[in-house]
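The domain 'Major facilitator superfamily (MFS) profile' annotation in TrEMBL covers 21-463. Marked as transmembrane segment by TrEMBL: 12-34, 69-89, 101-118, 130-150, 162-182, 194-213, 278-298, 313-336, 343-362, 374-398, 410-433, 439-459.
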Amino acid sequence: MERLTRKKHIYPVTACLLSAAFFGALGSSFIYGYNLSVVNAPALYIKAFYNKTWIERYGEPIAAETATLLWSITVSIFAIGGLLGALSVSSIIRVLGRKGTLLLNNSFAIIAALLLSLGEKAKSFEMLIIGRFIIGVDSGIALSVLPMYLGEITPRHIRGSIGQFNSILICLGVFTGQVLGLPELLGQESRWNYLFSFLALPATLQLCVLPFLPESPRYLLMERRNEAGAERAFQRFLGKKDVSQELEEVHAEARAQDNLHSASVLQLLKTPAVRWQLITIIITMACYQLCGLNAIWYYTNGILREAGFAENILPYITLSTGAIETLAAIISGLVIERIGRKPLLIFGFSAMAVFFSLLTVFLNFQDSVSWMPYLSYICILAVIASFCSGPGGIPFVLTGELFEQSYRPAAFMIAGTVNWLSNFAVGLLFPFIQKLQSFAFLVFVVVCILGSIYLYLVLPETKNKTFIDISQSFSKINKIPVSSPGHEMELVLSIKPDMNGKVKHVAKMESSF
């Protein structure tokens, strides 16, 4: 058999790939991040609207307990919607594919924007609650489908960097919600409903661009058996005409799998070959929510007040948290292919444990030392930067990388379920954790340390590896026999029928996927 010298071809990032990453994340991750922060600025105005509507309906002010209940439902129903969205992903994606599901998801965002922005005019606080639920569904679907799509359309040498568009746009969404919520912009009693109207803009932009971009070539080839469509998609994403090696690698992955159809959640749970991948994703995604970042937002304004900052300038100072988030996520995206996923995750969780410990010390001395609140605020910024350097985005990248094609939808469904259940658990448990006062952060120190230890012991590095290579990295811990390296790839890359049906040998080259 004729052999040629193996060459590694690194192709430049194409406009098509960047457009798919940016506009895909703009109509998905950005909306999720925006909804994390957008309700903070108009909270008092929304509560006043609830009271005014109650008086008009029933002729008396709303009881304090009822007002608290309605506001709690308004905030927490977002996570319930997210859970429902995550649970529905596997079924929707099987019918519509990756791109089709993202496009459908925009309808949820636009409907939610209409309900949330028109609720005041309709004198219906129920519209706001339903709108928050629907935008939660949108976010639950988006956080599962987008990382899957980005992981499947991207060459492996930049898969982490493109995957971090998810995290970057989440942070940018949070920051945009903070900026638009300023009193000079939309954070006023007469304008707060426009904060929710803004949700329709990123969804509309995605609807205008994404239909003209290709579907995931892996989905087209392995699940739809559409080789011609997969070839065209590869050509556009990679910016080259000859994509035979990429197609052959996907064929090799297909041959290596027992089942080419999407596995159910039950099948995934029963499969020994992916047991530790699944455990790793569950632990990483739980740590993503339980590491304490949500608790930081509760303490930020209090620490700034202790430092002597006037109440009216607090919104402008807290903008620094959103800016630090976005900057750290961008830096993470730039260095992830040099440093790797595993080091960034371990560094992020470990650094959070260190700064949470320091914050606990500083908070205990805050009343006795005048400049201590400034150190506390620096620690808060450091915790946020540490989170966004790795733990804030890499769990979504890993979920796409640790599983082969047939298991991926079910894996994202489980990861999304863990994510939203953990988010809901934080909301339930946080009032009890608050009773520990400044020592509350020690709970999160334990979570971060345990997460770091697990990742150090179990997680292999996935940087620049094919999906088959990553699966084989878990073979030993899963106690599954390892086939000879690249055996299935050999079968596909070395033997290929010619036009007359005869078998001929083809040269071996390293694929970019």
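Note: Cβ is positioned from N, Cα and C throughout, glycine not excepted.
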Result, the transmembrane segment (162-182) in contact with the transmembrane segment (439-459) (3+ CB pairs under 8 Å):
no
Tertiary contacts of the transmembrane segment (194-213) (same chain, 6+ residues out, Cβ under 8 Å):
16, 19-20, 23-24, 26-28, 30-31, 34-35, 38, 41-42, 99, 102-103, 106, 109-110, 112-114, 116-117, 131, 135, 177, 180-181, 186-187, 236
Report, as numbers and ranges, which residues of the same chain sit near the transmembrane segment (343-362): CB under 8 Å and 6 or more residues beyond its ends.
284, 287, 291-292, 332, 335-336, 372-373, 375-376, 379-380, 382-383, 386-392, 394-395, 438-439, 441-442, 444-445, 448-449, 451-452, 455-456, 459
Go through the chain and flag residues at least 6 beyond the ends of the transmembrane segment (313-336) whose CB is under 8 A from any CB in it; none is fine as an answer.
37, 41, 160-161, 164-165, 167-168, 170-172, 174-175, 177-179, 181-183, 187, 296-297, 300-301, 304-305, 344, 380-381, 384-390, 392-394, 397, 463
Spatial neighbours of the transmembrane segment (162-182) far in sequence, C-beta under 8 Å, 6+ residues away:
13, 17, 21-22, 24-26, 28-38, 40-42, 143, 146-147, 150-151, 153-154, 195, 198, 315-316, 318-319, 321-323, 325-326, 328-330, 332-333, 336, 388, 392-394, 396-397, 400
Quick one: mean pLDDT on the domain 'Major facilitator superfamily (MFS) profile' (21-463)?
89
